[in-house]
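Novice: Before I ask anything, here is the structure I am working with.
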């Protein structure tokens, strides 16, 4: 590591604390309260307190520290992480059939994230604002309105970007974690007996004593690790080392101290179960704690919103979602984007959730099922990467996968009990997103296959046009081509109806590679097919936004000059008709028509000047 890198490590570590750990860092606000609230048939008993604390501690060690921090984060695509990245990596060295299975698993995981993300801002902010119940019980009716106001402000500022505000995130979250540690240590000092719960004996004893109920109670324990996927998803922003250093040096110690501090408080004062987090603080510090807790939960919500934007962009670029407007809010950081449609759809969903559930305890009953489902899928996909890509020993990978699933599957199974009490919400939202993504991908493939059924060879057509050329008009025509060696529909229809051809024709294909970025040296490939025909293939990563003006600037540097304002861009606009299908495929076809009708048009998608675009319509039956 260079000196510069060494100097930047503390800064990157601090930044990671501010963004990556917001969700898992605000879990102490509600986790232990939900574990011991009496919903499982037992109250604040010594064995129950020790059992829950032991389970939380070892879950943080095994699932977060070992599985995610140590193992899963090894799987990166040019430094990038996330469930769709893991899906892509897992499918590289497998059979076509296995790749299809892995793609389905990855899409389910991504869909689960969309389902859970509606709950995260609501439960985080509400649990902070509920500190009002401790400061002034008569203000409890204001919890829902204040929560909505706070989140409204957060969603409104998204279009302006979070660059300036984001600079405050890291110091605020560092203060938050230090407060967690100090408050927890203060309580542990007053009742050090609680440290016995570090012994895994108490976790085992908890299951033996409470039997079936203890299994169901795992649904509350999992609240302590919600947000764990963010460690992997945000890897590309900060790198592995800063995220790992932040976890082991600041986040993990602070969380453990605070959870055990709450446990120590409850052992002495069981009545504190109404809100053990805020009751850890001395009375004079309640208002400052309410303020810092609200700020921390807003930051946690911001991290989730940014995560949704990033996942959506990746899904769009990989062809699983329809094109939509993506606005870059920073000229310096490509990761800072704003997607208006997703922003306001998420905002409306969050407000509906807050109004419907009214209290964070009610939301906790819906929280966790999608998170644990994603954890199961992450274990399977990462084990596939270890075996197929890294060529690890088959026995070792098998034992490791069994160990992970022995934790993940019970956690997921325990959360299935939440379906009736609210777990149906993230599952339903996830199912909708999975349906949308698979519909767009499959119907788009069906459409392209239908359009290319004419079977004419591109080379043969070009040869024929050169031998018997139609009327030539001056200038350059660019035809957007979705695939190589396929005649663009717009070119066919221009020849059929207008019976003319430009002096110079460029067939442009924009391709998304299985990488976050493509180096400018590899951006453009130019091939002259005949004296008047050129093929240009422009490659982009899934974190990049295609820009046709940039493509032709690169072409000019490589000898194919093309002035944007003297070039005509021909595109086909398909008018779709649903053919004879079974009823369920007709429904899918209608959903695709709806998605296409609202998709971003190609000129806007590729930043082509509107006055240079000519769209030729065609009717296609799918």
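Heads up, the Cβ atoms here are built off N, Cα and C, so glycines get one too.
The following feature annotations were taken from Swiss-Prot:
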TRANSMEM  9-29  transmembrane segment
TRANSMEM  49-69  transmembrane segment
TRANSMEM  101-121  transmembrane segment
TRANSMEM  137-157  transmembrane segment
TRANSMEM  163-183  transmembrane segment
TRANSMEM  213-233  transmembrane segment
TRANSMEM  247-267  transmembrane segment
TRANSMEM  276-296  transmembrane segment
TRANSMEM  337-357  transmembrane segment
TRANSMEM  363-383  transmembrane segment
TRANSMEM  395-415  transmembrane segment
TRANSMEM  419-439  transmembrane segment
Novice: Where else in the chain does the transmembrane segment (49-69) make close Cβ contacts, counting only residues six or more beyond its ends and a cut-off under 8 Å?
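Specialist: Same-chain contacts beyond the flanks: 24, 31-32, 35-36, 194, 196-203, 205-207, 209-210, 214, 217-218, 220-222, 224-225, 228, 231-232, 243-244, 247-248, 252, 255-256, 259-260, 263, 266-267, 375, 379, 404, 407-408.
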Novice: Per the definition of 3+ C-beta pairs under 8 A with sequence separation of 6 or more, do the transmembrane segment (395-415) and the transmembrane segment (213-233) touch?
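Specialist: Yes, the transmembrane segment (395-415) and the transmembrane segment (213-233) are in contact.
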Novice: Does the structure show the transmembrane segment (363-383) and the transmembrane segment (163-183) touching, where I'm treating 3 or more Cβ pairs under 8 angstroms (sequence separation 6 or more) as a contact?
Specialist: no
Novice: Check for me, if you would, whether the transmembrane segment (276-296) reaches the transmembrane segment (419-439) - at least 3 Cβ pairs under 8 Å, residues 6 or more apart in sequence.
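Specialist: Output no: the transmembrane segment (276-296) is apart from the transmembrane segment (419-439).
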Novice: By Cβ distance under 8 Å, which residues at least 6 away from the ends of the transmembrane segment (137-157) in the same chain are close to it?
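Specialist: Those are 121-122, 125-126, 129-130, 165, 294, 298, 301-302, 305, 343-344, 346-347, 350-351, 354-355, 358-359, in sequence order.
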Novice: When each of 213-233, 247-267, 419-439 is checked against the transmembrane segment (163-183) for Cβ pairs under 8 Å, which one has the most?
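Specialist: Maximum Cβ contact count belongs to 247-267.
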Novice: Mind checking which residues reach the transmembrane segment (213-233)? Cβ under 8 Å, same chain, six or more beyond either end.
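Specialist: For the transmembrane segment (213-233), the sequence-distant neighbours (Cβ-Cβ under 8 Å, at least 6 residues beyond its ends) are 20-25, 27, 30-31, 34-35, 39-42, 51-52, 55-56, 59-60, 63-64, 68-69, 72-73, 81-83, 86, 113, 116, 120, 206-207, 243, 247, 255, 259, 300, 303-304, 307, 310-311, 364, 367-368, 371-372, 374-375, 378, 410-411, 413-415, 417-418.
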